[in-house]
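Contents: one structure, followed by commentary.
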Ligand code: 5BU
């Protein structure tokens, strides 16, 4: 069952700083839209982020696809974060043993833990992946999402695997704040809460020819009980007016949430 609680009322369910901040931000900015900004140059990225900024709660990045990534990019990203009041989610999909992911998270060129409020990991390697990331991220107030499901056709993250992801999250509630999934994964319970974010959201097309599968904001938020819609090419794809499309998805996501509360 989808949560009947307002985003703001759920803040108290979390000890994690990033989760609390995100739910408060969604409540006051009135948007459950995350932009998945998969462009490959700094200039394009920063331009689009500036246009969509007023309408999103969370900017989802893949910094390793930028051909001209540098420290200046991070500085400018942080400026936009403050200007528009959104949070940052690096969709890194860590998938290695704890010791390795600890370094991948904090070191290398990207130093993800320094600027990303939220990142994510595959539960595949077992609890060590969460423990390793937690060693770095918890003191910095960061949060982690586990990939319990994927939006792509033929995904193997189903059934017992998805259930095991939920159990893993339950063992690390201070750091694991939620899931990437297509639906709410636990039944309503006052004692536990996880934030569910769903990629594969689009209003105009149903696939991308490479296995992506799109559902509507209404389907994801109202019918499936997810909390945040993640939209990429639906907003910045060719011939799109970024501000117009961002508002359109913001409105659709929020309307579905209000309907869920009223139902
Ligand atoms: P799109 O342009 O709206 O299709 O972009 C979707 C984004 O979400 C893209 O950055 C993917 O890497 C990301 N994604 C996804 O599409 N499906 C998943 O299951 C996960 C992430 Br996890």
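FYI, residue positions are counted from 1 along the chain as it appears here.
Each residue, glycine too, has its Cβ placed from N, Cα and C.
Because TrEMBL annotations are produced automatically, they should be read as predictions rather than curated entries.
When the candidates 6, 60, 184 are compared with the substrate site entry in TrEMBL, which names 38, 151, 212, 232, 233, the shared residue is 60. Ligand 1 lies under 6 Å from the Cβ of 38, 233, out of the recorded positions 38, 96, 233. Each of the recorded positions 38, 91, 96 was assessed for Cβ neighbours inside 10 Å, and the highest tally belongs to 91.
Figure note: comparing Cβ neighbours within 10 Å for the recorded positions 60, 93, 233, the maximum is reached by 60.
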